[in-house]
Structures are given as C-alpha cells and as structure tokens.
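Q: Annotation source Swiss-Prot lists domain 'CoA carboxyltransferase N-terminal' at 34-288. Sequence annotations record features per position, and here Swiss-Prot assigns zinc finger to 38-59 based on sequence analysis. If you look up Swiss-Prot, you'll see 38, 41, 56, 59 marked as Zn(2+) binding site, on the strength of sequence analysis.
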C-alpha cells in the first residue's frame, strides 16, 4: 500500500567530507593577520591601513604594540643600547609550569623579559628608557622587571640622565609571590633617589597599566602623560563596584577620566609622543 511505502531519502543539505575537501582546495585562504578587528569600534581593518603606529583609521583607537614597535616609533635610528639582559629569575616558589610559560613568552615576543631597558637618543636628547610589553605575560612585574628598572634608575643617577618609562602591566607576577610585590617598594626607592639627584622622570601610561605598577612607579613621574583611551587603575572595575556597592562611571579608569580629576598631566597622540618626549626632556635640562 502506498500509505506504508518507503519514503524517499531526505535531500542532503550539508556536503559530505569528500565534497568539503574538494571545495576547500579551490577556495583561496585568507592569511590570519591580513585584517584586524578594532576593539573599540568593532570595524575590520586592513592591517596596512593601521600604519606603523597601529591606530584605527575609523575611531583613532590605539592598538597595543610590542616593545620593538614602540622603540622604532620613539628613538633615533640606531641609538638604542640595550642594558641588563643577563638578569634571570630564580623562580623562588618553583611555581608549576612557570619556566615553560616564560620560554613561550620569549619565543612569542623576542624579549627576554616583560620590559626592555637601555639608553637612547630621542631627537638628539639622551635618556634612560624602559618599555614594558603587555604581550609578555601581560607585562606582569616580577623580580627581573623590578631589578632592571631599578638598575636603570641607578645608571641614570650615575650618568645624570632623565628617565622615560612606557608603562603597561597587568600587575604583580603571581608566580613569584611576595618577591614580586617587593619590587614596588624597591623601584619606588630608586625613583626617589633619582628625584633627590634633581633629575627628570617622565612616565607614559599605555593600555593597560594596572595593579602594582600603577600603585608604584607608573604614577611617580615628575610628569605623567598617557595615550588616548588607555585603561589605568589598580583593582578591577568589578572588584571596586562589589566593594563600594556602587555603580562606577562608564569612563572610570580611562585616562580621560584621570586627567579630568588631576591624575594625568596630558593625553598625547601616539604619533606625537616622540616630539613631546624630546620637548619635555630638553625643557627639564636634558642631555644631548
């Protein structure tokens, strides 16, 4: 009877594996790094349109850049002399997988640690320079980061140099426990000695600058300038809201909010930072 006859097979909508493989061979692949999505305006941007400064052409958002990219944008070509590359962590807590994580970060960034330190010329002005890189374990501050920055200040005192630091950090490095927290006091003491010597210290806040770095040397500069829209704070927004039981302003912990309340002296476009650094260092008795 027709009523109980076998139904025809359903039409296949999804191609089987053989069809998939034949189709995929004929479709050109788009390279992974050809486009970037802006975290602010959500637009897809052709990488070449970002330019060397990595700024969104639609909303002017400043993408996070590596220490090497920052260096190329800032210093006179060929003038940078890297220092303190021989310092290594002793891994005092023998934290599980810490050494593997360090090795992975070194391979990914080309850096030995989360901060690049040395001396350089910026438009002819000689200075001691530190650049933190958030791509290296979120530029967390451990014993090596603290020691390198402390030695940079000590060298600057001996050679009568101004210090310029580009800050970026997720805070203290948990894998080193109390030793990482101690770096806050150690670096702050070095900043004070540099200040007592009558030398200029400029901090440039970049996205993100949080935790122990914010609570110490990031906010201790003689002048504090920042890149637009950078996130700067100590504790996270949700932690603060839970503690105070209040809703915070939408722009809370953005540098524009901090400038409005007197915590930041100026907000400077990334493309203008080189000129601003040279001007401020020269104005405060820089060394050429």
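Each residue's number is its place along the chain shown, starting with 1.
Just so you know, glycine gets a Cβ as well, placed from its N, Cα and C.
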Q: So how many other Cβ atoms are close to residue 56 (Zn(2+) binding site), meaning within 10 Å of its Cβ?
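A: A 10 Å sphere around the Cβ of residue 56 (Zn(2+) binding site) contains 19 other Cβ atoms.
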Q: Counting across all protein chains present, how many other Cβ atoms fall within 10 Å of the Cβ of residue 59 (Zn(2+) binding site)?
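A: There are 13 of them.
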Q: With a radius of 8 angstroms around the mean position of the C-beta atoms of 38, 41, 56, 59, what other residues of the same chain does the Zn(2+) site pick up?
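A: The surrounding set, listed in chain order, is 39, 40, 42, 43, 45, 57, 58, 60, 61.
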Q: Just checking, which of 38, 41 (binding-site residues) has the fewest C-beta atoms within 10 Å of its C-beta?
A: 41
Q: With DSSP as the reference, give the number of residues of the zinc finger (38-59) in helix, strand and coil.
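A: Within the zinc finger (38-59) the tally stands at 4 helix, 4 strand, 14 coil.
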